[in-house]
Amino acid sequence: MEKFDTIIIGAGPGGLAAAYDLSGAGQNVAVIENNLWGGTCPNRGCDPKKVLIGAVEARDRMVQLQGKGFGDVPYVNWTDLEKFKETFTDPVSDSSKKGAIDAGITTIDGEPKFVSDKEVSVNEVTYQADHFIIATGQRPSYLDVKGKENLLSSTDFLSLKQMPKEVTIIGAGYIAFELATIANATGAKVHVVHHNDHPLKAFNEKYALELVKQLENKGVEFHFNIDTKEIAKSGDKFILKADNFELSSDIVIGATGRIPNVDYLDLDKAGVKVDRHGVVVNKQLQSSNERIFAIGDVVSTKAPKLTPVAGFEASYVSDVILQKTTSDIKLPLIPTVVYGSPKLAQVGEQTGSKVVDQDVTKWFTYSHTNEPKAKVRIVLNDQSQIIGATLLSNEADSLINLLTKAIEQKMTHEDVTKEILAYPTAGSDLEYLI
Ligand SMILES: Cc1cc2nc3c(=O)[nH]c(=O)nc-3n(C[C@H](O)[C@H](O)[C@H](O)COP(=O)(O)OP(=O)(O)OC[C@H]3O[C@@H](n4cnc5c(N)ncnc54)[C@H](O)[C@@H]3O)c2cc1C
Ligand SMILES: NC(=O)c1ccc[n+]([C@@H]2O[C@H](COP(=O)([O-])OP(=O)(O)OC[C@H]3O[C@@H](n4cnc5c(N)ncnc54)[C@H](O)[C@@H]3O)[C@@H](O)[C@H]2O)c1
């Protein structure tokens, strides 16, 4: 029986990062993957989404400057854009696997199943290891309603060969907003159907509602407090049905959350406990079997399910396995961005001793490209240090990283005035934002 120091299940950003760390430290490491190498983020998540959003941003920039240097602006050509996206996604799996092999990591394709707390079987071959890391991520969850087989997922959306004329998206989280923004820029009529009136629940409500308004101004229609009961097929159309509500469209995308990939692994044979949010772990990311760890999206903790979080946890667990640390995991500040157009970003505390909330639409940073709406909200503590921020603008993604550093360094207004940042940029406004 082949024996490894560590076997990792799942070759996403989390699993591969751990594999490189452990193999780089001299361990004999195997990674088992049952689908595309590289995982969700580069194959069917962050990266393809960002390629599509890139085209939306280019179009929106021209629309903003219509009559100010630009004339008629065409819709994004979906078919061409999809082909461009594929130049990023097509090579990912092979190159991720090759990279691992080149680094001396054993790569195994197939469906792993635990046969004991020390052994896993794949394609009828049994492998043993001192430690295991479960890094199997999440997959889309589908609403449990009549006709749920008629729902498409974000993965299906990102690979559509043609963008239909009418698109309905159920849910109002990250995925719903990002896909709505993309479909809208191709000229599709987009509907967002949500079961309550709290879109993007984790974000400042006023800012989330301002983003709704910006999308409505572009023609996206939001239907709040609609509890979907059925997705019926009628000819070429799909009808979303709820109490006193029907909506017909060409496709219906379910974006109502994701579920952990904990089934099919026979985790009970290894004594690993799970709940509906994923693998249950302690503060060292150890499961109920102390030799089996879990990282990334599959972990049942409140940590945001994001690529940099999976990478951070991978590095932490590698250090635990290599006996470089015995401390509990301590996640740093985690900035998050909804890649719409404009973008919505948030980091840190949302309440404090002082809040400076400004509409900065008319500031040069935003007015020179005629942005329709830009807002910045900074939260300070009783020592006037920056402790949190919410941003809505096209510059929000870069500015949120700068603010994350400012919070980590406990910067005050006075500290900010002592810095020189390139002008004119969103960063050089910082001293006027506090
Ligand atoms: C549409 C979309 C957009 C996103 N955009 C962003 C973004 O902009 N920024 C951001 O930070 N995050 C984003 N995310 C989230 C990000 O993709 C995840 O947080 C990240 O991929 C988690 O990494 P992971 O390694 O934990 O899991 P994954 O990347 O999901 O990798 C898990 C791997 O395990 C494999 N696997 C599953 N089950 C098994 C099994 N039984 N046996 C073997 N292998 C298995 C899977 O095939 C996969 O390759 C997005 C997600 C989606 C869906
Ligand atoms: N930019 C990014 O960083 C990014 C982008 C996409 C995804 N992600 C990650 O992927 C995760 C999954 O994204 P998501 O958008 O699927 O999940 P989410 O949890 O962000 O949003 C799910 C939404 O569906 C709603 N919902 C639940 N049941 C519903 C129902 N019956 N009818 C209508 N709406 C319903 C929820 O209220 C919520 O608004 C995110 O939490 C995030 O961790 C991150």
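Numbers here mean position along the shown chain, with the first residue as 1.
Each residue, glycine too, has its Cβ placed from N, Cα and C.
Automatic prediction, not curation, is the source of TrEMBL annotations.
If you check TrEMBL, you get these features:
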- 4-313: domain 'FAD/NAD(P)-binding' (DOMAIN)
- C41-C46: disulfide bond (DISULFID)
- K50, D297: FAD binding site (BINDING)
- 334-427: domain 'Pyridine nucleotide-disulphide oxidoreductase dimerisation' (DOMAIN)
Cβ packing number for C41 (disulfide bond), 10 Å threshold: 24
Helix, strand and coil counts within the domain 'Pyridine nucleotide-disulphide oxidoreductase dimerisation' (334-427) (DSSP): 23 helix, 29 strand, 42 coil
D297 (FAD binding site) versus C46 (disulfide bond) - Cα distance in angstrom: 14
